[in-house]
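Notes follow once the structure below has been shown.
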């Protein structure tokens with residue numbers, strides 16, 4: 001039987017011939033096919049082999065979903081720093097609490113960092129990626145890649161993802177610090193920082209019956225989710241604060257934030273380019289938050305048009321009467337802010353999940 005086996009020289013000769021043919025075939029492909037066609041063929045071969053020979057499955061979770069932020073991406077951002085362990089080869093640390101410089105830094109994860117997790121016997125691996133756009137005014141596109149076994153795909157969708165959302169919400173509820181976000185027009189994103197303001201309803205200089213009225217109104221808003229759904233309205237509440245500087249508008253906003261434990265989004269209309277930009281800005285705010293619109297009487301074309309109108313003597317009296325009516329505080333729906341708040345100073349809206 002050993003005599004029937006080819007000799008070593010025959011095997012080496014066959015291998016050399018095969019290698020020469022492969023090199024010749026590769027040279028012909030490089031000369032005849034353009035690079036894009038080569039990449040396309042290589043990607044199809046990779047997809048074919050991965051589909052039939054790989055046992056892994058990958059979920060892609062982008063930071064944006066349709067017209068708004070991807071809540072699954074936000075939940076992963078909150079959850080993953082809590083499971084960073086020795087298996088991670090790199091982590092991101094930092095602190096934004098200037099009041100306690102001796103406190104240990106908080107953990108996060110940089111781009112291309114791999115984080116491993118185990119849930120219900122499943123081995124999972126997360127990777128954060130970022131793609132820089134060619135346009136300078138478009139923010140980077142970030143996304144998570146979650147790799148699991150193909151046999152665990154259904155369990156990840158039905159059990160693991162809901163677990164992450166629930167855990168992230170519990171972390172938010174237990175968080176002692178609040179954040180205030182300002183919109184960065186150049187990067188087209190909200191920039192957060194720690195929100196610490198001593199104002200509370202107990203320390204606020206306001207008539208007791210007005211403070212009691214606002215607190216009861218906020219409590220009623222939180223408890224009436226079903227009512228808003230039954231009447232077909234979005235679950236949000238709006239307030240209009242009017243007055244000269246130093247009358248306590250900012251302190252009232254801080255007191256509401258501390259009372260509700262909601263983050264604050266501070267928006268200046270000067271940073272808004274157009275209607276679509278405004279829509280994207282508003283939909284990128286999180287649930288359980290306060291949207292603060294500053295100085296809306298000085299931020300739109302309507303205010304400038306009104307300035308021109310005031311120059312006409314025949315309409316001065318009508319304008320004065322309108323301004324007298326708008327001095328009284330009242331509740332508003334922020335869904336109609338673009339036309340109804342032009343005579344006023346500051347709008348505050350609370351948003352629930």
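Keep in mind that glycine also has a Cβ here, set from the backbone N, Cα and C atoms.
Under the heading compositional bias 'Acidic residues', TrEMBL lists 314-323.
Per TrEMBL, domain 'AAA-type ATPase N-terminal' is recorded for 33-129. Mean pLDDT for the domain 'AAA-type ATPase N-terminal' (33-129) in this predicted model: 84.
Under the heading domain 'ATPase AAA-type core', TrEMBL lists 239-307. Broken down by DSSP into helix, strand and coil, the domain 'ATPase AAA-type core' (239-307) contains 34 helix, 15 strand, 20 coil.
Annotation source TrEMBL lists region 'Disordered' at 304-334.
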